[in-house]
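Following: one structure in structure tokens, then a few remarks.
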Amino acid sequence: MFTASNLMETGPIIIKEVFNVDLGHSAFGLAGSAVLTMLLLEPAGRLAEKSSPYIIWMVSLACYAVTSIGLWLAIGTNVPSLVPILLIVLLMQAISWFDMVIPAIAEELSPSSPALTQGILMFAMAIGFGVGTYIAGQLIDAGGFVSVVDYCAASIIVTLVFAFATLLFKRK
């Protein structure tokens with residue numbers, strides 16, 4: 001939540017400031033993302049129900065990694081405006097999928113009642129969004145908009161290292 005809120009809440013402003021993308025184009029991309037979410041959320045939900053919510057979670061994590069690292073690699077280049085917009089659209093899909101499967105995963109892993117589990121989950125998400133947006137604001141004040149992209153790319157790399165380490169140790 002700390003990093004997702006950075007790109008989700010400030011994504012259009014970041015791609016405007018870092019990549020000179022017109023806010024109107026960002027708004028059009030976000031509208032397209034909403035339509036895409038309506039089309040993709042149902043099949044993703046069926047896949048999670050049929051196989052495992054962890055598959056959707058891992059695909060979402062990979063999409064977030066592509067977005068964060070893709071934006072980071074595009075800094076200082078003359079990429080077409082469409083590239084950052086498409087990366088933010090991909091991020092929005094990943095966030096929708098995360099939001100769909102995280103409660104199922106939390107319920108599966110938690111020893112507490114479903115009500116307490118969901119309450120703790122919502123509390124943690126609210127803290128994450130609040131702190132994440134605060135971090136983005138501090139980064140922008142301290143180092144400009146590029147620093148948010150740097151932070152998100154670095155944090156997803158750390159997250160991926162922890163995720164792969166968890167998978168490796170879990171199998172042993």
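Backbone N, Cα and C define each Cβ position, glycine as well.
Whatever TrEMBL says is automated annotation, not expert-curated.
According to TrEMBL, the protein carries these features:
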type	residues	note
TRANSMEM	23-42	transmembrane segment
TRANSMEM	54-75	transmembrane segment
DOMAIN	69-172	domain 'Major facilitator superfamily (MFS) profile'
TRANSMEM	81-102	transmembrane segment
TRANSMEM	114-136	transmembrane segment
TRANSMEM	148-169	transmembrane segment
Quiz item: Can at least 3 Cβ pairs under 8 A be found between the transmembrane segment (81-102) and the transmembrane segment (148-169), with each pair 6 or more apart in sequence?
Solution: no
Exercise. Quickly jot the same-chain residues contacting the transmembrane segment (23-42) by Cβ under 8 Å, restricted to those at least six beyond its ends, or write none.
Key: 11-12, 15-16, 81, 85-86, 88-89, 92-93, 96-97, 100
Quiz item: In the domain 'Major facilitator superfamily (MFS) profile' (69-172), how many residues does DSSP put in helix, strand and coil?
Solution: 91 helix, 0 strand, 13 coil
Quiz prompt | Integer mean pLDDT for the domain 'Major facilitator superfamily (MFS) profile' (69-172) | solution = 88
